[in-house]
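**Student:** Sharing a structure with you now.
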Amino acid sequence: MTDLLTPVLSAHWGEDNSWKLSRYEANGGYEAARKALDMAPADIISLVKDANLRGRGGAGFPTGMKWSFVPQDNPNPKYLVVNADESEPGTCKDMPLMMATPHTLVEGIIIAAYAINSHTAFIYCRGEVLHIIRRLQQAVREAYAAGYLGKDIFGKGYDLDIIVHAGAGAYICGEETALLDSLEGRRGQPRLRPPFPAVAGLYASPTVVNNVESIASVPSIIANGKDWFASMGTEKSKGFTLYSVSGHVKNPGQFEAPMGITMRQLIELAGGIREGHELKFFTPGGSSTPILTAEHLDIPLDYEGVAGAGSMLGTKALQVFDDTVSAVRTALRYVEFYKHESCGKCTPCREGTWWLVLLLMNFEKGIATQGDVDKLLDIADNIGGRSFCALADGAVAVVTSFIRHFRSEFEAGTHTPAWELFPYEKSAVFAEEGAVR
Amino acid sequence: MSGHFETYFPDSGSVDYADQSTNIDETTMAELRELAGRYPQPRSALLPMLHLVQSVDGRVSPRGIEVCAEVLGISTAEVSGVATFYTMYKRRPAGKHHVGVCTTSLCAVMGGDILLERAKQKLGIDENQTTPDGQISLERIECNAGCDYAPVMTVNWEYFDNMTPAKADELLDRLQADEEVVSTRGATITSWKEAERVLAGFPDGRADEGPSAGHASLRGLQIAKERGWSAPDKDTLPAPAEKEADQ
């Protein structure tokens, strides 16, 4: 039986100077990269495939398989791009990882880039996180100075450059093809697929785009083996992962556990729901994943378990909302996010999210009309699955799942403002101490 | 539809061509060319280059658009198309300090809405405006990947965690008075322009400031330590046959 929590990525986050190369190496850092560079690239890909590491950025696609799709007979350079754009509401795991132990990511990049025969890798980090970018820049600089990046890494004849790249504020750049357009110096707008990035990605060359946590998990798999990795987790969802619990719990935070821990266990570890209140709803994997409620507290939080409950594991971003919260207000603010972040390329998304916001505002004010609930659902039905990327589908998931669970609150929005049904100041964390402290 | 449309994000439009002022000089030009040289294809440097323009001109200036186009050999329309797409690029001068208040759903309900209203009243400005003395600009921001520290504010893109009205008031007072302010999980606050220079790719030597992690990031790790929980030891894994028997 594995323990309830299994810190691997987060194991050294609390140590002094954890972000420095010297500290990372004292904990065994870069041994996995040395080992990997003595392996055949195909063997690394097989190992990661056999360990069954699945992408931690939301979609859960098997990481090793993604690497194997890179056509090695393509004469163009191969690129590895790390998606560090972490912007899905609720998701807050990659930032602490890159701040505390950026070398885990750098080491993972060396292994992954070597496995796909790439000599140039990028870390595309969202721009609004200055200190994390400082730590990344410094980690890469330290790795160059130590001979772990650049020419003839570890004296093993392999060359690799890493470029730390700051974005400029656009949620859509977390979508991998939009990220690539952005990295090419363009507006971040998704591309039509196929061709997939593995065949024609950055500069129309074979490209692998992986999430930070996925890449950072690779060194431990090289070091400890596939059986070790697979000894954690459930039948089809293997390994450890970072669960991010936020919101109305007593002690929010990061909890690194084997795949399949339950929401009940996580809430307990987080000290329970705020005193005197009850769970109302939570997002399992960020705002784009349909919300779940108390009836889902015991489903295993793995890819299959959450899918079986009609939602998605996503980024394992568990935002907890208690009984003081208005479902209408929360839904409106989520959809407002998608409306603002729509890149404008596809009409159903650009116009549809706009109309959803207008209608939801009326529900919040208590001036929606009879039939507006059905109108919301009808618009959602006309948006879903009709765009290049899944951004609008996130807005649709919000509208449909909130109405499914809290339809009566929306119906009340035809006569009573949300702030009268759920006085907003009561949801604030500083409400108990009085709004002014 | 051209009439008034109520939205939380009222700002739109192009770069302000009425204000032609610029501080871009030969040093800036050399740094822009250096950025373009860091990538396999120069145009990839456009986002960092626009960050650098902001660090010099305090906004995306008309001259900034021109020099990016010149260095990359693309049209000014292509540059401004990019500059107006991303929210971190400002079309009017930002303050010495740029303050963000997260109001995406979770932060909003946990107090972000209250914090934003108070900040507006206290500073006497609306969202996307700058105080008359140029000291502080204010923005409603979206989820900044710090949800376990909600409600979150930012100053020059550094985290200010678990904010309350009192903490926010004190923060704004100190920023206005040019007193030292340190991020909850980061470095001593410098200025928005200096932050933009780091984002462009020119480090400021402050990476070693601040903690390794905030308290919430360490929550699970602490519990694991208290209860003696850890990942399995690779040398004492159950044999595969036993595992199958267990299933």
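Placement of Cβ uses the backbone N, Cα and C atoms for every residue, glycine included.
Take a look at what TrEMBL says about it:
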| type | residues | note |
| --- | --- | --- |
| BINDING | B:CYS102, B:CYS107, B:CYS143, B:CYS147 | [2Fe-2S] cluster binding site |
| COMPBIAS | B:224-247 | compositional bias 'Basic and acidic residues' |
| REGION | B:203-247 | region 'Disordered' |
**Student:** With H, G and I counted as helix, E and B as strand and the rest as coil, say where DSSP puts B:CYS143 ([2Fe-2S] cluster binding site).
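**Tutor:** Once the DSSP labels are grouped into three classes, B:CYS143 ([2Fe-2S] cluster binding site) ends up as coil.
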**Student:** Using DSSP and collapsing to three states, where does B:CYS107 ([2Fe-2S] cluster binding site) fall: helix, strand or coil?
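**Tutor:** DSSP call for B:CYS107 ([2Fe-2S] cluster binding site): helix.
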**Student:** Any residues 6+ beyond the ends of the region 'Disordered' (B:203-247) with a Cβ under 8 Å from its own?
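**Tutor:** Counting only partners 6 or more residues beyond its ends, the region 'Disordered' (B:203-247) has Cβ contacts under 8 Å with 148-149, 159, 161, 182-188, 190, 194, 197.
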**Student:** Please spell out the DSSP helix, strand and coil residue counts for the region 'Disordered' (B:203-247).
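**Tutor:** Computed counts for the region 'Disordered' (B:203-247) are 22 helix, 0 strand, 23 coil.
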**Student:** Near chain A, which of the binding-site residues B:CYS102, B:CYS143, B:CYS147 can you find when the cut-off is a Cβ distance under 8 Å?
**Tutor:** B:CYS143, B:CYS147
**Student:** Which residues of the same chain, at least 6 positions away in sequence, have a Cβ lying under 8 Å from the Cβ of B:CYS107 ([2Fe-2S] cluster binding site)?
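**Tutor:** B:CYS107 ([2Fe-2S] cluster binding site) has long-range Cβ partners B:VAL101, B:CYS143, B:CYS147, B:ALA150, B:PRO151, B:VAL152.
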**Student:** Could you list the residues of the same chain, at least six apart in sequence, whose Cβ is under 8 A from the Cβ of B:CYS102 ([2Fe-2S] cluster binding site)?
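**Tutor:** Result: B:ALA108, B:GLY112, B:ILE141, B:GLU142, B:CYS143, B:ASN144, B:GLY146, B:ALA150, B:PRO151, B:VAL152, B:MET153, B:THR154.
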**Student:** Near B:CYS143 ([2Fe-2S] cluster binding site), how many other Cβ atoms are within 10 Å of its Cβ?
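**Tutor:** Total other Cβ atoms inside 10 Å, all chains included: 30.
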**Student:** I'd like the number of other C-beta atoms within 10 A of the C-beta of B:CYS147 ([2Fe-2S] cluster binding site), please.
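**Tutor:** Its Cβ shell of radius 10 Å holds 31 other Cβ atoms.
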**Student:** Sort B:CYS102 ([2Fe-2S] cluster binding site) into helix, strand or coil using the DSSP assignment.
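**Tutor:** In three-state terms, B:CYS102 ([2Fe-2S] cluster binding site) counts as strand.
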